[in-house]
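S.K.: Not my notes, these are from Swiss-Prot:
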| type | residues | note |
| --- | --- | --- |
| BINDING | ASP8, ASP9, SER40, ASN95 | divalent metal cation binding site |
Amino acid sequence: MRIALTNDDGIQAPGLRAIYKALIEAGHTVDVVAPVTEQSAVGHAVTIAMPLRVKVFHENGFRGHGVYGTPTDCMKLGLSSLLEHKPELVVSGINAGANVGPDILYSGTVSAATEAAHMGYRAVALSYDSFRPEDISAHARHAAALLPHIEWAGLPERCVVNINYPAVPVESIKGVRVCPQTRAVWHDWYEHRTDPRGGSYWWLNGVIPPESVAPGTDRALLTEGYITVTPLRFDFTDSETLTRLASLEE
């Protein structure tokens, strides 16, 4: 299978290199178009005020296009202009840190997959529930083996399959669960600090209270040690409220 690979952690990130190696070893052809720099939490941002520049990375058996832009830039430019062949599947990841519940609104990883889906490609987002530097080569091999089992023929157009791996050894994973997103939200705050020169700055912090996470949702099952699989469709229309607002029509 020909696969286009991207991420938001950057083209040199361990997660991308791990899944690249695993996909190649599984017999796939992999074309990489990923950001040159760290782009976590940029969401679906697109570069419009400056040109996009591309750097080719070719080292130790790895080859890919590095884009000085966002994950969405990578997909728009890569799928329309850089890649010689259309992929059969787009994979975004493996991200350092889970993308569950409200995380998908901020995630460059999920946004890259979403952009690919909107362009008519089958797309998967892969994430690992830890920010610590860890060897996730076994998880990458597991993911490479899991992807061919997705039954795309039965899925609607522009669907993104969002897959998250728990931060446990592969042999300790309890299984795979297809589940909805949690509706729990982040409780954010900013820490006010002072730099060595006396200047003020603010640092974002936050937590999702565990008691607000409903059982059977992606965050709950991921914490329990399951791989979570959640299909995403980016239609933000609140269909239930449409009729309630009908009185505004003239």
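Each residue, glycine too, has its Cβ placed from N, Cα and C.
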S.K.: Go through ASP8, ASP9, our binding-site residues, and report the one whose Cβ sees the most other Cβ atoms within 10 Å.
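M.R.: When each Cβ's neighbours within 10 Å are tallied, ASP8 leads.
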S.K.: Within 10 Å of its Cβ, which one of these binding-site residues (SER40, ASN95) has the largest number of other Cβ atoms?
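M.R.: The most densely surrounded of these binding-site residues is ASN95.
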S.K.: Determine which residues of this chain, when ASP8, ASP9, SER40, ASN95 are set aside, have a Cβ within 8 Å of the centroid of the divalent metal cation site's Cβ atoms, and list them as they appear in the sequence.
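M.R.: Surrounding the site, in chain order, are ASN7, GLY10, ALA13, GLY15, GLU38, GLN39, ALA41, PRO71, GLY93, ALA96, GLY97, SER107, GLY108, THR109.
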S.K.: Taking DSSP as the reference, which of helix, strand or coil describes ASP9 (divalent metal cation binding site)?
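M.R.: Going by the DSSP assignment, ASP9 (divalent metal cation binding site) belongs to neither helix nor strand, so it counts as coil.
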